[in-house]
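A.B. asks: What TrEMBL shows for this protein is this:
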type     : residues       : note
ACT_SITE : Lys34          : active site, proton acceptor
ACT_SITE : Tyr266         : active site, proton acceptor
BINDING  : Arg132, Met319 : substrate binding site
DOMAIN   : 245-377        : domain 'Alanine racemase C-terminal'
MOD_RES  : Lys34          : N6-(pyridoxal phosphate)lysine
Amino acid sequence: MPHAEVRVDLAAIRDNVAELAVRAAPAQVMAVVKGDAYGHGLVPSARAAQAGGAAWLGTATLAEALALRAAGVGGRVMAWLSAPGERWADALAADVDVSASAPWVVAEIAAAARETGRTARLHLKADTGMGRSGSPLADWPTLVDDALKARAEGLVEVVGLWSHLACADEPGHAANAQQLAAFRDAAALAESRGVRPEVRHLANSAATLTMRDAHFDLVRPGLATYGLSPVPQQAAPGDVGLRPAMSVRARLALVKRVPAGHGVSYGHLYVTDRESTLGLVPLGYADGVPRHASGGSAGPGAPVLIGGVTRRIAGRVCMDQFVVDLRDDDARAGDEVVLFGDAAAGEPTAQDWADACGTISYEIVARFAPRLPRVYVNGEL
Ligand SMILES: *Cc1c(COP(=O)(O)O)cnc(C)c1O
C-alpha cells in the first residue's frame with residue numbers, strides 16, 4: 001500500500017445493488033453515481049452497479065453522464081442537473097436521458113433535437129414539496145403541454161415523470177405522504193393529457209428501503225448502493241443487507257514518545273495528559289479528512305483503528321496530516337491505520353465519522369479527493 005489509499009470493494013457495490021433490486025422489484029434500479037460515485041470512482045462503480053442489476057445509472061451533471069459514455073459504459077444513463085446553454089447536442093448524441101423542470105429547458109432540448117436530428121428522451125420533473133429543482137405544481141400543466149408540443153414535432157419522447165423526496169430519511173414524516181400524493185396527482189395530470197411514461201420515479205435510498213408505495217417503476221438509490229445506511233438512526237447497513245464498499249487506509253508516517261503536557265498540532269487544541277505515544281497519519285483536509293474531525297478540549301476527534309485498538313484524532317486535522325494519541329500502544333511507523341471501513345471487520349464506520357463531524361455519511365465518503373489513489377478490490381466482475 002502507498003502512504004494512504006481509498007479502497008473500494010466493487011463486489012460490495014454489485015451485491016448492494018442486487019439486494020436493492022430484490023427489494024425494489026418489480027421496479028427497476030437506477031444506481032446514482034453522481035459526485036464521482038459518492039467518492040468511490042465513477043466508471044468502476046458504474047460497471048459494478050450494472051453487474052448487480054442496475055438497468056439505469058443516474059448522474060447530476062451532463063459531464064458526468066458523458067464521462068460514463070466516453071468510458072464505454074452502456075445501458076440507460078440519465079442526467080438531471082442543467083444550466084442554460086448546456087451541451088444538449090452532446091447529450092443526445094451520447095444517448096443520455098435528460099430532464100426538464102421548466103419550459104425553457106424543454107425549448108433548449110427541443111432546439112438541440114432539431115439541430116441534430118436526434119429525438120431526446122425527456123423526463124419531466126415536478127416539485128412535489130422538496131423545494132429544490134422540479135416544476136412548481138402551478139406551472140406543471142404548462143411544462144407538460146410544452147413537452148407534448150415538442151413530442152408532436154418528433155423532437156422529444158416524454159419517457160419519465162419524476163420528483164424527489166425531502167424527508168425520506170425520516171420515515172413517518174408528514175411530508176413523505178404529502179409528496180407521494182402530490183406526485184400521484186402530477187403524474188395523473190400528465191397522463192390525462194396524453195403522456196405515456198416509460199418510468200415514474202420518486203424514491204431515493206431511504207424511500208427504497210422504507211417506502212414501498214414510493215417505488216413506482218424505478219428507484220434511484222445513491223448512498224445505499226455504496227453500502228451506507230440512509231436511515232442510520234433506524235438501521236445499520238448490515239441490518240438491511242448492505243455492506244460498505246469504501247474504506248480509507250493509511251500507514252503511520254512517524255511514531256514518537258512525548259512527555260505529559262505536550263501540545264499537539266495547530267493551536268494546541270489537544271494537550272497530552274501524561275507521557276504518551278503519538279502517531280502521525282499522512283492524511284489531511286486536502287485529501288478529504290474533514291477538519292471537523294479534530295479532537296481536543298471541545299470533544300473527542302473521529303475514531304481510527306490502529307493495531308486492533310480504536311483511538312481518536314488528537315488536535316487539529318491539518319492539510320496533509322493528523323495525529324493520534326496512542327497512549328502506550330506498541331506501534332511503529334508503517335503500521336496500518338484504518339480511518340473507516342466495515343463495522344463487521346471491527347473498523348470505525350463512515351457513520352461514526354459523520355457523527356464525530358456533525359454531518360452525514362454521504363459527505364464523509366464523497367469528500368475523498370483524487371489526490372488519494374483509489375484501489376479497487378474484488379473487481380473481477
Ligand atoms: C442524490 C440523488 C439521489 C440519491 O439519493 P440517496 O439519498 O443517496 O439515495 C436520487 N435522486 C436525486 C434527484 C438525487 O439528487
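Counting begins at 1 with the first residue displayed.
Using N, Cα and C of the backbone, Cβ positions are placed for all residues, glycine too.
Can you tell me where each of these features sits in this structure?
C.D. replies: Lys34 (active site, proton acceptor) falls within a helix when secondary structure is assigned with DSSP.
Following the DSSP three-state reduction, the secondary structure of Tyr266 (active site, proton acceptor) is helix. Sequence-distant neighbours of Tyr266 (active site, proton acceptor): residues of the same chain at least 6 apart with a C-beta under 8 Å from its C-beta are Gly315, Arg316, Cys318.
Taking a C-beta cut-off of under 8 Å and a sequence gap of six or more, Met319 (substrate binding site) has these contacts in its own chain: Gly284, Tyr285, Ala286.
All protein chains shown were included, and the count of other CB atoms within 10 Å of the CB of Lys34 (active site, proton acceptor) stands at 19.
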A.B. asks: Same-chain residues six or more away whose CB lies under 8 A from the CB of Arg132 (substrate binding site)?
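C.D. replies: Those within reach of Arg132 (substrate binding site), by Cβ under 8 Å and sequence separation of 6 or more, are His164, Ala166.
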A.B. asks: Note the mean pLDDT of the domain 'Alanine racemase C-terminal' (245-377), expressed as a whole number.
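C.D. replies: Averaged over the domain 'Alanine racemase C-terminal' (245-377), the predicted model reaches a pLDDT of 97.
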